Number of protein chains: 2
Amino acid sequence: MLREEFNIKIKNYDYYDEAFTHASYVNEHPKENLRYYERIEFLGDAVMQLCVSEYLFKRYPNLPEGKLTRLRAAMVCEDSFSKLALECHFDEYIRLGNGEEKANARKRPSLLCDIFESFIGALYQDLGKEVVVDFISRVVFSKLDQGWFDHLLDHKSELQELVQKDGDAKIVYEVLDAVGPDNDRIYTMQVVVNGQVVGQGQGHSKKAAEQAAAHQALKQLR
Amino acid sequence: MLREEFNIKIKNYDYYDEAFTHASYVNEHPKENLRYYERIEFLGDAVMQLCVSEYLFKRYPNLPEGKLTRLRAAMVCEDSFSKLALECHFDEYIRLGNGEEKANARKRPSLLCDIFESFIGALYQDLGKEVVVDFISRVVFSKLDQGWFDHLLDHKSELQELVQKDGDAKIVYEVLDAVGPDNDRIYTMQVVVNGQVVGQGQGHSKKAAEQAAAHQALKQLR
């Protein structure tokens, strides 16, 4: 399943067995000499921290540390990881003891988050950092482009920092269009840097349309 | 200095300039288009977390997650990093504004800790993870062998986990010697696994001598 969906060429299945095994399962199978996920999750947690940090650091070369930290915290958290674990169908692979199964642990966000991290730990041990980066590019970083974390990003400030890096620059936002009734109006705006249109965007408020225009400009200028 | 002491072959000095520059210095030199350390510290922090986690994970293959986490927290903290920064003379390299200089920021543990992390971030960007691991092996991991974190490690439990991994094993601790007056007695003990002496150690209490003997046994058996 994992192999097909993400084209992961597993070398050593033992790491993944460990990553998807809960302590309650180990306790119910004392003779099988199994390991449960917690140690490998310890490793996976640190791997995720570095991969996400490095990605954000390079992708937003002018974003101050405070914003990088907020963005990382939004990406590396239980809410985010538990959703990703479900998206990757990790809940189906977990080996749980009977008691935990009855307590519906399989769908518990804290466990799903742990399992996402332990999977990352297994992938890192088995195939190394590059494969991990490739995997999380598809399942995590792509969410940035889909706007999952846009509320944390201030594209206008970022655009300003980018274009004023090499000296003064004049940035103007202009309304191009406003359609629809008062309570559902959609604005279209463009952003002009030193007389040149660099981006355009829409939104339900002028502020949102400006952010969308700045976002498009950043994509083009980078 | 860094180059001589740690044999680091710097490729790009810009990273280190950034790592050792405080915001107060940038503010006082607005025309030089300088960057201060906070962004690169964001990266360095995550690099340290991963390198230390990976090292502990591999070095203590039978230590449960809770103890790995405690050990990592003791190694990756302000107290530890600020001492390491001083040991590496990083305080001498920091570019500070006049106000901060007068406020004696150069010796402030929180700043020294930040600078240690930003230096790691610079080293990682400039020369990659292997060079970072090599550097922290010498300045951080060697402290483990020197016993800096021994109070967090329970060598006896670890030895027990190791030798009982493949089934039952009989572990016995025996007093070999006890010398000195009552209030300053030194015990020498040996640890015997399945009839074979595997380690010996000394301490001011039987418990400490047992831990030392288990520690030696672990070194030999690994």
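Note that Cβ sites are derived from N, Cα and C of the backbone, with glycine treated the same way.
Unlike curated records, TrEMBL annotations are generated automatically.
Quick look at what TrEMBL annotates:
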| type | residues | note |
| --- | --- | --- |
| DOMAIN | B:1-128 | domain 'RNase III' |
| BINDING | B:Glu41, B:Asp114, B:Glu117 | Mg(2+) binding site |
| ACT_SITE | B:Asp45 | active site |
| ACT_SITE | B:Glu117 | active site |
| DOMAIN | B:154-222 | domain 'DRBM' |
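In sequence order, B:Glu41 are the binding-site residues among B:Glu41, B:Asp114, B:Glu117 whose C-beta falls under 8 Å from a C-beta of chain A. Predicted-model confidence for the domain 'RNase III' (B:1-128) is 93, expressed as mean pLDDT. Other C-beta atoms found within 10 angstroms of the C-beta of B:Asp114 (Mg(2+) binding site) number 23, with every protein chain shown included. Secondary structure counts, DSSP: the domain 'DRBM' (B:154-222) has 28 helix, 25 strand, 16 coil.
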